[in-house]
Structures are given as C-alpha cells and as structure tokens.
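Undergrad: Features from TrEMBL:
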- 1-427: domain 'Major facilitator superfamily (MFS) profile' (DOMAIN)
- 28-49: transmembrane segment (TRANSMEM)
- 70-90: transmembrane segment (TRANSMEM)
- 96-116: transmembrane segment (TRANSMEM)
- 128-150: transmembrane segment (TRANSMEM)
- 162-182: transmembrane segment (TRANSMEM)
- 262-284: transmembrane segment (TRANSMEM)
- 296-316: transmembrane segment (TRANSMEM)
- 322-341: transmembrane segment (TRANSMEM)
- 386-407: transmembrane segment (TRANSMEM)
Amino acid sequence: MVWACYFLNYLDRNAIAQARLNGIEKNLGLVGTQYNTCISILFVGYVSFQIPSNMLISTQRVRPSLWMTSWMLAWAVVSACTALTKNYIGLLVCRLLLGLAEAPFYPGALYLLSLFYTRREIATRISILYTALILATSFSGLIAAATFATLDGAHGIEGWRWLFIIEGVVTFGVAMFGFIILPDHPTRTRWLSPREREVAQARIDRDTVAISEKTGALAGFGQAIKDPKLGLLVLTQTLHLASNSFNSFFPTVVKGLGFSNTITLVLTCPPYLVSGFVSVLVGMSSGRRNERTWHITIPMVFAIIGFVISCVTLNVGARYLAAFLFCSGAYACNSVILGWVTATCGQTQEKKAAALSMVNTSANATYIYTPYLYPASDGPKYVTANAANAGFAFGTIACSWGLRFWLKAENRKIREENPDSTLYYAY
C-alpha cells in the first residue's frame, strides 16, 4: 500500500513534465523561465512541511495512517484541479499547494519502514519503495502518450488537462484504502497478532545502537540537530538528489534526440525500468553485506560517466545510452543513503523521524534551484546541467567516504569503552 501511494505521489507531481510536450506552456502563455519556476515552486511547499509533519507523527499523538492518507486525498484534489488553470499564476498556485500536500508522505513512509525493519533490512525495503518513484517516472510517459493520443481535444479539453484529471481521480480512489491498510506502529498494527507485535518491536530494539528512552518530538529534534554525523548525512543526500535534477526535465532531454512527441514519451520508459531493477539489486546487496560506501561509490561513478557523455556528444545512440547510465547510477544509491540515516540516527523514534525529515527537507530543497540549470537555450546537450550533475555526484562519493572514516573511528571508541558490545555503526 505504501508503494502504491508513493507511486501516485510522484506520478501526480511529475505530470507537468509530460504536459510540456502537449502544449501546456502555449495554452497557459508561459514564457521565459516561467515553466522552470512552476517546477521549482512545488519544492518550496514540499520542504517547508516535512520536518513538522514527521515530528508530529513520531509522537504517535496523530495516527500516521490517518495523517498520511488525509494528505493524500488533499494532493489528489489539487492535482485534478490543475486541469482548471488558465494562466501562469493559476499553475503556480496549484504547484505550491501540491508541494504542501505531498510533503508529509515520503518522509512519513520512510519513518514507518524504519519502525518495522532492521538496519540490514531497511536498505532493501527503501529501494523497493523507491522503485515506485522510478516506475512512476517510467510509466508516466506511456500513460501520457495514451492519454494524449486518445483524449486530446475530447469535449474541447486539451490532453494535458485530461492527464491531471485522470491521475487525480485515481489517486483519490486509492487513498480511501490507506485508512484501512496503512500501519501506525509495530505495537498497534491491526493486522498483526499480539505476539507478532511484540516480536516486531523487539527486533528493532535489539538492532539499535545506543538506544535511548522515548522522548518528546522537540527533544528528538534536538537530539538530531546535536548529532554531527547527521550533518554529513544531510550533505551526502543533498548532493545526491541535486545530481538527480534531470527528473522533471527527462522528457525534454529525450526530446532532444529528435523524435516525435509520442516516440519521445515511449523512449522515457526503458531507462527508468532498468533503473528500478538496478536500484533493488544495489539495495539488496547493501543490506546483505551491511555495507554502504562502495554501494554509493560504484553507482555514482556510472552516473558521472553518463553525465559526461551527455555533455560531449550529439550522437543519438550514445546519448540514449548515457540516459541509462545516469538514471541507473543516480537512483541506485538513494535507498543506501536513507538506510544509512536510519541506522546511524535511530537511538529514539523521535530522533529517527526528525533525522529522516531533515535529510529529505535539505535534499529536496535542491529542486528549488536546479530547474534553472535547464534553460531551453541550453538544449539539446544541457552542458551546464550535466556538468553540475557530475559535480554533485562526485561530491556524494566524497561525503560517503568521509562518513565511512568517521564511523570507523566511532566504532573504535565503542570497542574501547565497551569491549563486549556487539552493536556498531555500519559503513
């Protein structure tokens, strides 16, 4: 259920990328960088609400299932209402509200997963969740192609408007099931037996380094702020997501290969299908080996190669191959980094929730400015954007190795202070 909700979360958010190929800019009179601003403004709302939302659900005063599903209903309505916009201001307002409504779900979903899965298990589960984003991006092109081919002009409504209507209605319908299916906490999950609830909670308690007593939301936020390791984790994920700035412009980038709109939308699918497969493999391997650094380094090296190829050639085959490389490489290590956050900052539920939301807030803030790396005048190579993405990817690698050496030093301290300890930081 969490996977399906996140699939729709990203599908609704990214519909604007496909709408661009169906004339949304012309219909609404967008000029200059106004389209880029409409991409950017969503993340102003998105990052402003993640931390307070996760702090609230970590207290368990609000049931996560009700909270997250209610916001899902809200973003479904906003997404559908985007079809009613008539100008730039209307689209801008809808995008800002969509960002606010979508903000609670992903950090909340990560927090829920961290309550049920151990450090060795979490990377695989996050990678599976992340395939929802990847496959949403993949199939969004196919969904848009079918919508534009069959409904463009139906009842006097443009195809891109139908796209927002259809996706909003589907999201609203799926959200209704979330009230019943989504869990709240291992000890209060309706579809687990009392014994299963006890086991689920005991597994997490045994796997937490330096576990502390439950605290309040503000205390958990304070614990997260005071943990210097979180700062480096924030920087790592921030640089990583910055290297993913091609997300909202991928159809435009593929359009630069010279194909028709329909073929372009179809061609956006295969790179993301491969990325989903690679992401799960990397997450599973990281969990099985309890290793993070190399599982970040190797994928990001492939991403850098893809970005460099995109910068230096106009050969259609080479550029399409580059899309496979940078998509697979950039997406593959997301679950590894987020799993690293829960493993390193999980001493209390409140600290874990705050840490996840802080990492996501900072990282997603990059999407406020990275859309401006893709002015139409830079196409089809988008040298500035691809060079920046390569630099961000290199920075991600450097941060992961810095954190590795730091955690090695922390583990030496744990061994010296408590030779009998069997719980250490993973790197």
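Glycine too: its Cβ is placed from the backbone N, Cα and C atoms.
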Undergrad: Within the domain 'Major facilitator superfamily (MFS) profile' (1-427), what mean pLDDT does the predicted structure show?
TA: 87
Undergrad: Using Cβ distances below 8 Å and needing 3 or more such pairs, separated by at least 6 in sequence, tell me whether the transmembrane segment (28-49) contacts the transmembrane segment (96-116).
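TA: Per Cβ check, the transmembrane segment (28-49) touches the transmembrane segment (96-116).
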Undergrad: Where else in the chain does the transmembrane segment (162-182) make close Cβ contacts, counting only residues six or more beyond its ends and a cut-off under 8 Å?
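TA: Same-chain residues near the transmembrane segment (162-182) but 6 or more away: 1-2, 4-5, 8, 11-12, 15, 18-19, 22, 64-66, 68-69, 72-73, 75-83, 112, 143-144, 147-148, 151-152, 154.
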